[in-house]
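Annotated in TrEMBL:
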- 40-103: domain 'SLH' (DOMAIN)
- 104-164: domain 'SLH' (DOMAIN)
- 167-231: domain 'SLH' (DOMAIN)
- 21-40: transmembrane segment (TRANSMEM)
Amino acid sequence: MKQRLTPIINRLLRIRRRTGFILLLLFSFILAFINPLPSYSQVQLTDIQNHWASACIQNLAERNQISGYPDKSFRPNQPVTRAEFAALLNKVFPDALTLRAGGDFPDVSQNFWGRSAIKRAYETDFLTGYPDGRFRPNQNISRVQALVSLVSGLQLSLNLPVDDTLNKALSDAAAIPNYAKAKIVTALGQQMVVNYPNVRQFNPNRAATRGEVAAFVCRAIQAPGVPVAYVAGEAPVVSAKPELRGVWLTNVDSDVLFSAQKLSDAIARLDTLGFNTLYPTVWNWGYTLYPSPVMQREIGISLDPTPGLQGRDMLKETITQGHAKGMGVIPWFEFGFMAPADSELAKRHPEWLTERRNGETVWVEGGVHDRVWLNPLRPDVQKFLTDLVVEIVENYDIDGIQFDDHFGYPSDFGYDDFTVELYKKEHNGQEPPTEAKNSDWIQWRADKITDFMKDLFAEIKAEKSDVLVSLSPNPQEFSRESYLLDWQNWERLGLIEELIVQVYRDDLARFREELNHPSIRQAQEHIPTGIGILSGLKGRFVPFSQIENQVKIVRDRGFAGVSFFFYESLWNYTNSTAEQRQSEFKTLFPNKVKRPNVYDDWSS
């Protein structure tokens, strides 16, 4: 597993606050802060031994993230300029994403030593210019501005009372500029404020020294070395603010749904560990996992024939027991428009299937399972799926209904006769593009699926207006380009009331990158937006340290919460004992909270 630093490396992505710096005097000072000496880890800095942050400074030096001067001094009490700060950020966080263009300032000349670092810091949203358009590279950064920058870049947010938190922790809270107060509250909650020698005296407007900047960075990246006696504030108790804590219950590689007792035990265990939302699959492998009159009508089989489901209503049991414990229950239409190629549904309705340009109808999932796709553009297919969804909404006391990417279809499909004729009708007889990835062709099909979603949303709301429409897709580009599901447009149109984006990444840098995508950030402003986290697969163990780090990143960015895929891998498909894993999850959710609901005075 990654070192503890790894989950944080790319976190500083956006620094937006004004900062102040003094005149840059010595070029060697610049080099000392950003260019490590050869074989630095073997070099002992001569002037930090008695400095209060010496261990932190040495730690960063050993990482080659800061350095001393050629004379082996560090000069921890000297201030840092705005240009130097830009260079430091680029050194410590080299993989930050480019978020915008620009970074050219009239007071930063072409031959200025830090021009490229400043431009890069601007492009990655670490730093910005002043209202007059200048950058002021030689001004000193104040302590408050440095911390505001770090908090903004980390995209941290804590729902804590501003004045009470500041006054409790800091004796000079009144000196903090108004624009910075909320950010400093977050910095306090994240244990990033370091005050020496008086832990309660912030000195917000004094220039930050090299040693202090090093200490701020150590706290930001969770590197050791800062004495806790100088860390201001207290780590906040987990808030009672609503948080999504969900899990998907599947019928693949898991038997939790196939036994009333096992299901009951699982719900009780999840409740004890602080989970509050269940997403049981109800449409999978060409069958429903609840008794369905619609399926009886279409294929003569009302319920998945797996023995453990016979003689019972798994969905009703889940709702009854989940609601008794205050948990939300949102059935998951996992297969969407997909079905097994040999399913009874495919055999009875071959005309419902869409196909590739070469006439093939079979799509191989994971290189193993032969699938076919119902055509979402056909009115008879739309009626079938609508009837399935509405019968659940009508007959069960559910909190919502959830779809995912399978409510589209693979983008190399769509060349069936029905779709081709519809396209020609709307394009003056022109055939669809032969290139499946043609952008106009992708968008036309995606828009048709969106039109169906509008109708389905209306049908759901006509039946029960308070049933949430939830979606758990992959990130936007993949979802649209691969499955023709333009969920960003759905969200803009108000067709999604809860969004959980599947970000199944082991690489924490990529995990962070996905969370910063504008489509997710925009949704986060309008509806409860959570992140799907992979807790493991059969034969693919995910260590708890990775899960813990990803949950922290999600919380730090102010998302509505998380949902885990999938139940069995929470504590059964691991290298740990079930007891150990459950105790670890208890540390994530030490207290029970309500799930966020757009109808319950929710706010981002």
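Keep in mind that glycine also has a Cβ here, set from the backbone N, Cα and C atoms.
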Averaged pLDDT, computed only over the residues in the domain 'SLH' (104-164): 89
DSSP-derived helix, strand and coil totals, residue by residue, for the domain 'SLH' (104-164): 24 helix, 2 strand, 35 coil
The domain 'SLH' (40-103) - residue tally per DSSP class, helix then strand then coil: 23 helix, 2 strand, 39 coil
Composition by DSSP (helix, strand, coil) of residues within the domain 'SLH' (167-231): 32 helix, 4 strand, 29 coil
